[in-house]
Every structure is written in structure tokens, then in C-alpha cells.
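Since the structure comes first, as C-alpha cells, the remarks are kept for the end.
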Amino acid sequence: MTAPTPLIAGNWKMNGDSASLGEALATAAGLGSTKARVAICPSATLVSRMSDALKATNVQVGGQDCRAELSGAYTGDVAAEQLADAGAELVILGHSERRAGYGETNALVAAKTQAALRAGLEPIVCVGETLDERKAGKALEIVTGQVRGSLPAELAGQAFSVAYEPVWAIGTGLTPSTEEIVEVHRAIRATLNEIFGAHGATVAILYGGSVKPANAAEILHADEVGGALVGGASLKAADFLGIIAAV
């Protein structure tokens, strides 16, 4: 089975405005030859403009979340179809900040993933354990449980990726060892193979815990690491390109 193409996806979170499109354009201009697919997921307000700006480049555009429903009285939410209409090709789902801050469950993430598929979007489904869960020796149990609960059967044969976010390492300065990262990624791969059979081997497993140019090479060349979900370091083209170059 062919190994999945690495994916480096930038999550701009609630940052950036129209002036920030220059950084996205600089990323596209500086790509050169790379083995990775590259995507930037800005705030919903920027998806359309970024999609237009990057249309003739090799950088894809994604959203950061979507509603499980197709439409309706859901003030402030964004439907998957609306993201696709704005030019998005991918969408991040189940990010740790959504799970913790908005109480998103595995079942809700699975429903959102189904909505993304209906809209023709490629889901990036996030999983990860807290520090308390890791200290209790439950990291693998929690993460594989999230994989099973967050990935609907409809993903069989579809393009998607899984991003492992050790919640305790995001924005804390703490970084898992390469061995810890590999252990979890291997467990995710085994679970994907169990659920999806041969298709499980085609799914890129991204690492999403404070990836920076300084640590990118070590992380990205570790076993079963098929890319990265990059936060703050994706906001500046120079930093983002440094990570992409490490693939």
C-alpha cells in the first residue's frame, strides 16, 4: 500500500485579517519543490479571500470547524457547504480547543465529519489526551477511543487525515519525546487499520503539538508521522516554510 502524502496544515485559529493574506501568498511563493501537500486554515472570514488569492498556487485552503447540520437557525455557526462554497477544500474537526471549550463529544465530531464529507470537504480529525490522562497511563486508551468514536463509517474509501494533539503540549512549552509521539501514532495507525482495513494505511497521521522550525525535522521523520497541524508557527511564512522544508 502506498504511503500517504505528507500534509502540512496551518491552523491560524482566531488570528489574521485581510493584511495577513500576504503571509499566505509568501508561503505559496516560497514553496518550491516539496514532497508535502500544504494547506492553510484561516478564520471563516478569510476563507473566501484566501481561496481567491491562492487559486493558482499549490496551497490549499481549509476551515477550522463546521456545523453538523446543513443549514438552519444556528446563529454564528458555519455549515460545511458554506465553507466549500467559499473555496475551502479541507476542514479541521474536533480540535482540542473545540472539545475542551465547547464540550464537543466524539459523537458530535463524527456528525460534523459526515457533514464535511457531504460537502466534499476533506476532514482533518483531531484527537489527543490531557496531562491528567497521560499521567494516569490512559493516553493510548483515550486517543484510540477518540479515533473510534470520531471517525464515521462513511470515511471508508474517502480522503481524510487524523491529527494527534497532545493537549498538554499545546502552548505550554512542554514537548513529548519522539518515542512518546511514535507510540501514539502507531496506536492510531493500528486503530485505523482495524476500522478501515487496507484504506487505513493511506491515511496521513499528523502531529499537532507545538511544531516549530527547530523541532520539525525530528518530528516529521519519526515513524508514522505523516505531516503536521501547525498553530502559531503557520502565521509567518518564514516559520511555516521552515517546517515544510523539513518534510
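Cβ coordinates are placed from backbone N, Cα and C, and glycine is handled just like the others.
Within Ser33, Ser161, Ser210, the residue that TrEMBL lists together with Asn11, Trp12, Lys13, Gly171, Gly231, Gly232 for binding substrate is Ser210.
Here the binding-site residues are Gly171, Gly231, Gly232; the one with the fewest Cβ atoms within 10 Å of its Cβ is Gly171. Other Cβ atoms within 10 Å of the Cβ of Glu165 (active site, proton acceptor) number 24 in total over all chains. Shown in sequence order, Ala169, Ile170, Gly171, Thr172, Gly173, Thr175, Gly231 are the residues of the chain, 6+ apart in sequence, with a C-beta less than 8 angstroms from the C-beta of Ser210 (substrate binding site).
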